[in-house]
Amino acid sequence: DPPYLQPGALVEIQPPEFGYEGPWHTATIVQRATPIHSNRFVVRFTHLFQDISTGTKAIREYNSVDIRPLPPRHRPRKFKVGDLVEAYYRFGWFEGEIVEELHNGNYICQLKSSKRLELVVERLRLQRSWRDGEWIPPLDESELAVEEEDSTDETKQTDFNKAGIMESEADSAESSTAGTGNIQEASGQVTIEEEEFSEGERVEVANIDEDGFNQAWLAATIVKPVENNRYIIRYETLRTGNDTGFLVKEMDSLHIRPPPPDTPVPHQFKMFDNVDALYKGGWWKGIITRVLPRGSRYKVHLDNNGKVMEFKHSDLRLHLDWIDRKWTKPSP
């Protein structure tokens with residue numbers, strides 16, 4: 001086996017249960033699974049699936065194709081709009097795209113899950129693939145923050161690097177997951193976040209298609225929280241196949257948000273208004289492309305399926321974006 005698959009090596013894993021566009025999470029190789037020829041490995045996750053009450057770290061088994069080495073630590077770099085990146089969020093690296101550079105030096109990153117995040121540069125890295133033992137695109141030596149050292153000791157801490165950023169490889173530190181010297185929380189420690197949603201709370205959940213993109217937001221109720229920011233939800237509009245009740249499903253908090261606030265609906269929408277349209281039991285983002293002569297009906301171009309459809313006034317609402325746990329009105 002290559003060095004990164006040896007027992008004790010820190011690696012990144014993309015759990016298949018999260019889909020092929022899911023996040024990469026840090027783990028340690030425990031051993032090759034049995035039978036030896038299976039090309040599967042037993043791993044212990046750093047944070048994912050961790051029991052919050054006991055601190056017990058989950059041990060799972062994965063194929064080698066779902067495992068890659070921990071990327072080398074690198075210097076913070078300048079990104080531009082359109083760059084494909086990986087964004088560090090909730091102990092994992094999510095694929096996304098830079099959509100805006102802010103005046104404060106931060107970036108707005110659009111994740112493939114449709115979530116938008118404002119992130120400091122230290123929580124971003126260029127999107128790379130691990131193929132045939134090499135990083136694509138390749139890592140240039142000038143990008144590296146420090147010379148590579150033995151990173152199997154998860155309790156080791158380093159000084160400030162040349163960029164002036166605290167690097168910590170403690171077991172609870174974000175950079176042990178990142179391998180890129182991420183900024184720590186204000187206290188210098190990463191703490192487990194409180195549950196975002198409570199039992200019985202009404203929410204909206206993302207309807208993800210087979211390509212991993214959000215098509216619409218559907219009304220649901222939180223049944224109960226489960227570990228690692230996941231929740232059991234019950235849809236309010238989708239029913240089971242045998243029509244015996246409403247569909248119940250487990251969802252990651254990335255795909256859950258509170259209902260938008262009650263905002264005054266204009267007496268009449270106008271051309272190019274950003275709206276949500278009620279279609280197939282969910283709210284689909286779209287743009288008004290035509291106000292029909294009758295006044296209370298509109299042609300709407302739905303962003304996520306490209307259709308232009310007719311909607312009545314009562315089936316539309318003004319579109320708001322849920323970013324960093326705040327509702328914001330999109331730019332014109």
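Note: Cβ is positioned from N, Cα and C throughout, glycine not excepted.
Annotated domain 'Agenet' per TrEMBL: 3-75, 77-132, 195-264, 267-324, in sequence order. Under the heading compositional bias 'Acidic residues', TrEMBL lists 141-152. Positions annotated as region 'Disordered' by TrEMBL: 141-200. Annotation source TrEMBL lists compositional bias 'Polar residues' at 179-190.
According to DSSP, the secondary structure content of the domain 'Agenet' (267-324) in residues is 3 helix, 33 strand, 22 coil. Each residue in the domain 'Agenet' (77-132) gets a DSSP state, and the totals come to 3 helix, 31 strand, 22 coil.
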